[in-house]
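For reference, the structure is listed below as structure tokens.
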Amino acid sequence: MSEHFLVTGGARLTGNVAVTGAKNSVLKLMAAALLAEGTSTITNCPDILDVPLMAEVLRGLGATVELEGDVVRITSPDEPKYDADFAAVRQFRASVCVLGPLVGRCRRAKVALPGGDAIGSRPLDMHQAGLRQLGAECTIEHGCVVAEAKALHGADIHLEFPSVGATENILMAAVLADGVTTIHNAAREPDVVDLCTMLVQMGAEIEGAGTSTLTVTGVSALHPTEHRVIGDRIVAATWGLAAAMTRGDVTVTGVDPEHLQLVLHKLHDAGATVTQSDDGFRVVQYERPKAINVATLPFPGFPTDLQPMAIGLAAIADGTSMITENVFEARFRFVEEMMRLGADARTDGHHAVVRGIRQLSSAPVWSSDIRAGAGLVLAGLVADGVTEVYDVFHIDRGYPLFVENLQSLGAEVERVS
């Protein structure tokens, strides 16, 4: 039997929880270290499985990587390898973010098409199109993205969708291109802003971080730096949603609440009392949550990564909720597992209609990705009896000390091998 969690329902979560660095940021920052010869130091790194996996990818490219507590030191060689290890890259999606730095620094790259979460198609078309506009030839050969450029030049790039990954890869190539690159319809996520901050610290010239238009003036070389990862807004919001679901009282620190304004507004709509500070927020839920309507959108919209938790909240809310998924088409696979727990839910295309019931019922369930796994554990907290959650390695990829943090808040959760 694979490692799984036993989740006993009924506990009201109370207490304080501190979040560490953002998963969606740290992996791109690690890749960015390839852009400069020498040693870059990244602090506030989360203790998640994807960090050592990314370290293996970087080592395969010739870098030296040291992991010590929440600190990662990456020494990039004078001539990095350009062929990313197939076995390492295939394990998780974010590994494709080495594509931009390799094209920028080496003028060529060979990166296996990535693996990761089963939440639907996430093609690399926009990544390739942007790199082509910068002067690279990009093809798919034998399961790999192959890119090569004699020279990189600035370009006026219009993204069809504000893709975080495409924005970041194009950005990391453009910082070492000749001339000015403008990325229109760029992703505005805090993780992209964090990457821009580190790149500027390395000597890049970037304007417009946090807006939909990024202007990059290429430079001849970057230098190493030290950078602190922003707090993980998805992990922080997960704890806030858990407080609302269990009628709890949870204070979350280590995150900028400005990164979560719409989520905190939705928690207020659900009946929670939400107070904010410079370093976090507090969620107190006294009564049964109210139904909410949520539509996932790129930042500053409601994050698609929190859609499973929103469905979990809707499942035990008073009334009928409408959850609309506008980013990843296969994310509603999670609903089938929620129905095992007794949720009254149905899906129709991009929409899920959830009629709240007072309590879910325990059952064995399987997580298909990081956020679905976390959502199922939260659902288990409001189910009667003991819920078994399987394939929890997904959760370990994105949530540091998940079981330990839940236990510190009063949840009865056990990891079983």
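Cβ atoms here come from the backbone N, Cα and C positions, even for glycine.
Because the structure is a prediction, the values reported are computed rather than measured.
What Swiss-Prot lists as active site, proton donor is Asp117, and the listing cites sequence analysis.
Annotation source Swiss-Prot lists phosphoenolpyruvate binding site at Lys23, Asn24, citing sequence analysis. For Asn24 (phosphoenolpyruvate binding site), the same-chain residues that are 6 or more apart in sequence and have a Cβ closer than 8 Å to its Cβ are Ala94, Val164, Glu189, Asp191, Asp232, Ile234, Asp305. According to its DSSP assignment, Asn24 (phosphoenolpyruvate binding site) is helical.
According to Swiss-Prot, the UDP-N-acetyl-alpha-D-glucosamine binding site annotation covers Arg93, Asp305, Val327, on the basis of sequence analysis. Residue environment of Val327 (UDP-N-acetyl-alpha-D-glucosamine binding site) contains 21 other Cβ atoms, counted within 10 Å of its Cβ in all protein chains. In the three-state DSSP scheme, Val327 (UDP-N-acetyl-alpha-D-glucosamine binding site) is classed as coil.
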Item to check | Pairwise Cα distance for Val327 (UDP-N-acetyl-alpha-D-glucosamine binding site)/Lys23 (phosphoenolpyruvate binding site) [Å, integer] | outcome: 19
Item to check | Lys23 (phosphoenolpyruvate binding site): tally of other CB atoms within 10 A of its CB | outcome: 25
Checklist outcome for this item: For Asp305 (UDP-N-acetyl-alpha-D-glucosamine binding site), the number of neighbouring Cβ atoms whose distance to its own Cβ is within 10 Å equals 25
